[in-house]
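Enquirer: Quick one: this structure, given as structure tokens, is what I'll be asking you about.
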Amino acid sequence: MVSLRSIFTSSILAAGLTRAHGSSGKTCPTSEVSPACYANQWETTFPPSDIKITGATWVQDNIYDVTLSYEAESLELENLTELKIIGLNSPTGGTKLVWSLNSKVYDIDNPAKWTTTLRVYTKSSADDCYVEMYPFQIQVDWCEAGASTDGCSAWKWPKSYDYDIGCDNMQDGVSRKHHPVYKWPKKCSSDCGVEPTTSDEPEEPTTSEEPVEPTSSDEEPTTSEEPTTSEEPEEPTTSDEPEEPTTSEEPEEPTTSEEPEEPTTSEEPTTSEEPEEPTSSDEEPTTSDEPEEPTTSDEPEEPTTSEEPTTSEEPEEPTTSSEEPTPSEEPEGPTCPTSEVSPACYADQWETTFPPSDIKITGATWVEDNIYDVTLSYEAESLELENLTELKIIGLNSPTGGTKVVWSLNSGIYDIDNPAKWTTTLRVYTKSSADDCYVEMYPFQIQVDWCEAGASTDGCSAWKWPKSYDYDIGCDNMQDGVSRKHHPVYKWPKKCSSNCGVEPTTSDEPEEPTTSEEPEEPTTSEEPEEPTSSDEEPTTSEEPEEPTTSDEPEEPTTSEEPEEPTTSEEPEEPTTSEEPEEPTTSDEEPGTTEEPLVPTTKTETDVSTTLLTVTDCGTKTCTKSLVITGVTKETVTTHGKTTVITTYCPLPTETVTPTPVTVTSTIYADESVTKTTVYTTGAVEKTVTVGGSSTVVVVHTPLTTAVVQSQSTDEIKTVVTARPSTTTIVRDVCYNSVCSVATIVTGVTEKTITFSTGSITVVPTYVPLVESEEHQRTASTSETRATSVVVPTVVGQSSSASATSSIFPSVTIHEGVANTVKNSMISGAVALLFNALFL
């Protein structure tokens, strides 16, 4: 009987699924794929383009595969850095790369003309006859990040731009986007309004089997045994208790006497609430299903077959739904802690032509599956509210649509009162992280339009930023570990649970007890919680004891003992509140909770070196430089999943000893050398692996200690300074932009330095001359003669010492000049002036 019911049920389900999804994969006629609005390429600063949808194929529900055709003026393929479709409302993600040097995606061979296939969500038209795509964008980047720059200087268009495709920004019946999105018949059916009715009919046949159950239940009340169990109609009011026995092994109850058929029929009254769903369509009970039951002579078989639909999917779904709420009741609608909502990557506002902004996600609440409600916080430099034309969030991957308008003069939406600072709530799809512990938003954009379409123009002329711009939010365009988007998207723990890897084990644990301990669930608090919704259950909570005292104790003795010899004692354990002992007795589950902890391993590599590109930004410009740094990789294996964590860290200083080198630094301005400096610094050679090849890189670093001369260990023994002598030098003397050549007499002395090692160094030094007069008187009987001599003296020596000990009659000062200087105070002053000029 079990196998026959299984075959019967599977045939019913297969037929229902075939009828429900038989038209899946249908392709719409090309002639019926048309623009959803009229759009003209209003942006004249972008290359001319022709972007359209040329085909659509229905997948399931509101999901379609569409063919996108792209034609535009372009450079060569070697100049292309990246080309991608962003802001998609798609089950496969919000971005599709068609060409990327950074990500190594090369799906096209001609950037001027190409096609690609996209899987997208759609929204229904007002008459429910057509479906329409959500808005999206196509982003193009040229001549950057390793792409060839040949021909880029002659390219008259921007190096980076986005084509906007959509019908969500209408003005005077025309979309302000570059191109429109497209629409086509719903499910690619040309009969508008017919398919929905036919789509409901296959659902009713799937439920038409259930009206057979009420008909069979109506027949069974005709049996005298069913009315004897008058309390069971109250039990049908609580569908869960009987259903769980049905999902338990009551198929073995039919193996007992025919009385189990009565509970099986009494269980059909349990499904009599499910016929309430078909009772919405009472036509089917009036259909030819009732005659079919009289044609079937064996009513017990029909209840058994009617049980099978009850246990086919719907009772199992309640049981599974009762199982799922047990773990989901705890996280149902939980809000993630604010501290655990963090950026999914590092992004710097690289675009300096837009107003400075701070856009982030400040909160997340789990709704269901991969759907979350998030709070977006926006702060940016702005004009007044009266100048705002439109402000909206576009490119969302959301069940409510790809665009949310927060302010629009055209659409009459005024949800904010301060364009410089506001918050809003978004319902979005998310994608799981590699370790399945976190979820992350898909990329999106925030579009701002000022001073147009009826907005005030006061102050617009003084606005230094563009009148229309888009903030890009995402982590899908990484370069050197930094996102090239304006701001990052955010991530948070999956289902807002802080126990990564534990929740799946707890979700598995309830499944294990539910399969083995379903009898406990009737006795446990789950069903009493469900009965609490109906006041009859407290009465029926005692009625299960009455059946235990009635003839049905034989059924537990016959059905439960073979199935639940282990659990037959456990119902007594819950009565004795020994549920804590169940985990103690079933050590397998704690074992399963401990097992994920045992295989967790961590392996950390030594510090190696790598090159990073660091971007330093000032007020309006940014510069990039290569920096050598350390990198470590930690491999973590948990539950069989391996995660590699890369950490950049400073290089250990104790392993590097800089070598002093002389460096010439030249500062340029206006293509001319303005200053050249020679200084000593440290140099370190590093072997760096870049792109798989090893390269020796010299990195300049400050010296940890002062540069020590080679004679640092050699002590000076003696210093001998020679007597000053005179010499003549030639200098250019300039005054008031007029230069002339002058001959200057100056002093020169030599210092002979002898070191303890025996080395000798002679250092010549030019010194100015200082005039000193010394009168030597010679006493004689016949004549007194006075002699005046000009003595060259090193600056800094006292005049008295020069007068007494530095008289050198043998030294002559440049013939023809000394005599004049000796006798003329004016000439001496001139000599001092030249000496000063020389200094």
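Yeah, the Cβs are placed from backbone N, Cα and C, and that goes for glycine too.
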Enquirer: Which one is it, Cys152, Cys167, Cys188, that Swiss-Prot ties to Cys28 with a disulfide?
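Expert: Candidates were Cys152, Cys167, Cys188; Swiss-Prot matches Cys28 with Cys188.
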Enquirer: In Swiss-Prot's disulfide listing, Cys167 is paired with one of Cys37, Cys129, Cys192, Cys336. Which one?
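Expert: That record, Swiss-Prot, gives the partner as Cys37.
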Enquirer: Please name the residue among the disulfide-bonded residues Cys28, Cys192 whose C-beta has the most neighbouring C-beta atoms within 10 angstroms.
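Expert: Output for this query is Cys28.
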Enquirer: Between Cys188 (disulfide bond) and Cys129 (disulfide bond), find the distance joining the two CA atoms and give it rounded to the nearest Å.
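Expert: Cys129 (disulfide bond) has its Cα 10 Å from the Cα of Cys188 (disulfide bond).
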Enquirer: Which one is closest to Cys167 (disulfide bond) in space, judged by CA to CA distance, out of the recorded positions Cys129, Cys143, Cys152, Cys192, Asn387?
Expert: Cys129
Enquirer: How long is the line from the C-alpha of Cys37 (disulfide bond) to the C-alpha of Cys129 (disulfide bond), rounded to the nearest angstrom?
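Expert: The Cα atom of Cys37 (disulfide bond) is 16 Å away from the Cα atom of Cys129 (disulfide bond).
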Enquirer: How does the model score the domain 'Flo11 2' (332-502) in terms of mean pLDDT?
Expert: 87
Enquirer: Which three-state DSSP class does Cys188 (disulfide bond) fall into?
Expert: helix
Enquirer: Round to a whole number and give the Cα-to-Cα distance in Å for the pair Cys143 (disulfide bond) and Asn79 (N-linked glycosylation site).
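Expert: Rounded to a whole number, the Cα-Cα distance is 5 Å.
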Enquirer: Using DSSP reduced to three states, classify Cys37 (disulfide bond) as helix, strand or coil.
Expert: coil
